[in-house]
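According to TrEMBL, the protein carries these features:
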type     : residues                           : note
DOMAIN   : 73-327                             : domain 'Orn/DAP/Arg decarboxylase 2 N-terminal'
MOD_RES  : K96                                : N6-(pyridoxal phosphate)lysine
BINDING  : G278, E320, P321, G322, R323, Y421 : pyridoxal 5'-phosphate binding site
BINDING  : R323, R360, Y364, E392, Y421       : substrate binding site
DOMAIN   : 332-419                            : domain 'Orn/DAP/Arg decarboxylase 2 C-terminal'
ACT_SITE : C391                               : active site, proton donor
Amino acid sequence: MSRSAHPAGPRHADVLHEGHYAAPPADLNALDEKVWSRTVTRDADGALTVGGIGVARLAEEFGTPAYFLDESDFRARCRAWSDAFGGDADVFYAGKAFLSRAVVRWLQEEGLNLDVCSGGELTTALDAGMPAERIAFHGNNKSLAEIERAVGLGVGRIVLDSFQEIVRVAGAAQRLGRRQRVQIRVTVGVEAHTHEFIATAHEDQKFGIALAGGQAAEAVRRTLTLDSLELIGIHSHIGSQIFDMAGFEVSARRVVQLLAEVRDEHGVELPEIDLGGGLGIAYTSDDDPREPHEIAKALSDIVTRECEASGLATPRISVEPGRAIVGPTAFTLYEVGTIKPLEGLRTYVSVDGGMSDNIRTALYDAEYSVALVSRTSDAEPMLVRVVGKHCESGDIVVKDAFLPADLAPGDLIAVPATGAYCRSMASNYNHSLRPPVVAVRDGEARVIVRRETEEDLLSLDVG
Ligand code: LLP
């Protein structure tokens, strides 16, 4: 078959898939702290508050749909990651999860570094004052202009992703009279247990240079011959939304093996290894993520053990969490528009956003939770599918969940854990206006990314 397609409805409107909540939760009004940001609670009237502010006020002031980001939670998670790894490791926040100038400033204040993967992310970082030497530049097809700019600015490291890029970065550094610090991204042959589109270290995909067949060793060989490059280490990122540490262990072991081969062949001990990001978060109560200190301990134990076995000094470790820092810190607030009970199936609840503010459900079959947040309710649970307002039957925000049966148009519902890869992957599909991101902290709320306007749309359309 030269192409595959699925008809508009059936793939999404199928019977309940395996692993979904078989039964409604015991208490529909409860807010599971695993999936909600840390300052979220219900006030005396039962309405959800974040950073001390109630959702009714937030909806009135900022409109819906909107993302509300719990700033103190974001900062606490940054600190938890850097404390967990201590002074012997570097934490690079992966900006692709969500990046704005305010976020860049918080990262600096909390002592984190930043991973960017495009000229746009680089511009945002620099504009908000992130020092270039604290930036890592990623991407499997960086343009020549992006490379020249990154080298010219003196970014702390460029992660080389292909043989062509070794030559391109070396050329740019030579032209600019610089010696650029680089890492080589390798694919270690680990099949991470996650969705195919977000697994990145098995061999049949576009990122990195394979350890298999001596490819990565050859990349090291070539890089070491180029005077304008300083090879500081090896990089591996195995995928996203991963709970099982086994994949990281195999990855760390294989990267250390490569370091040992490099020492044996070239007499050089590379000083760093980067184990990437990809740590999972709780989207529903069924998910059980690991804490940063457990992850740090597991990773540093394995690296130390493997290095001792190979007689290598332990390299400095870096990690690149994106989702694990920002994901749990935000929720999306929607207003209920229409409610359509489908006899014997489920009730479709349409909200004022959809796949334009959260593409993850349509793209990865991602699971989310949802709660009625403008009030509590004692009504019976009803099985719902929360859908958006786009012209697409796959426009689903939450596939299967329970909401109270007295849900009514005008109620506010919220989807937690939307801090990562929701605003950053948002689109203007159907000429919708991308929602704002509002940071909430200690009783104050401020817009950090404003809502798009129709003027924004028209300003790009030059007629
Ligand atoms: N480092 C590298 C080299 C990466 O490619 C990524 C993510 C990260 C770090 C951060 O991964 P995290 O800790 O956030 O999982 N859009 C997908 C995820 C794609 C991630 C791409 N790279 C999603 O919504 O699940």
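Cβ coordinates come from backbone N, Cα and C, glycine included.
This view paints the features noted in TrEMBL onto the structure.
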residue: K96; record: N6-(pyridoxal phosphate)lysine; DSSP (3 states): coil
residue: E320; record: pyridoxal 5'-phosphate binding site; DSSP (3 states): coil
residue: R360; record: substrate binding site; DSSP (3 states): helix
residue: C391; record: active site, proton donor; DSSP (3 states): coil
residue: Y421; record: pyridoxal 5'-phosphate binding site; DSSP (3 states): coil
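Sparsest Cβ environment among the binding-site residues E320, E392 (other Cβ atoms counted within 10 Å): E392.
Non-local contacts of the residue listed as 'N6-(pyridoxal phosphate)lysine' by the CB criterion (under 8 A, 6+ apart in sequence, same chain) comprise D115, C117, E121, G322, Y421, S424. Taking C391, E392, Y421 as the candidate recorded positions, the subset whose CB lies under 6 angstroms from any atom of ligand 1 consists of Y421.
Other residues of the chain with a Cβ within 8 Å of the Cβ centroid of G278, E320, P321, G322, R323, Y421, the pyridoxal 5'-phosphate site, are A94, K96, A97, S240, G277, L279, A324, I325, G327, A420. Take the Cα of E392 (substrate binding site) and measure to each of the binding-site residues G278, E320, P321, R323: the nearest one is R323. Burial estimate for the binding-site residues (Y364, Y421): highest at Y421, by number of other CB atoms within 10 Å. With the fewest other C-beta atoms within 10 Å around its C-beta, R360 stands out among the binding-site residues R323, R360. Summarising the environment of the residue listed as 'active site, proton donor', the number of other Cβ atoms within 10 Å of its Cβ, over all protein chains shown, is 8.
Distances between the Cα of R323 (pyridoxal 5'-phosphate binding site) and those of the recorded positions R360, Y364, C391 are shortest for R360. DSSP assigns G278 (pyridoxal 5'-phosphate binding site) to coil, not to a helix or a strand.
For the binding-site residues G278, G322, counting C-beta atoms within 10 A of each C-beta gives the highest total at G278.
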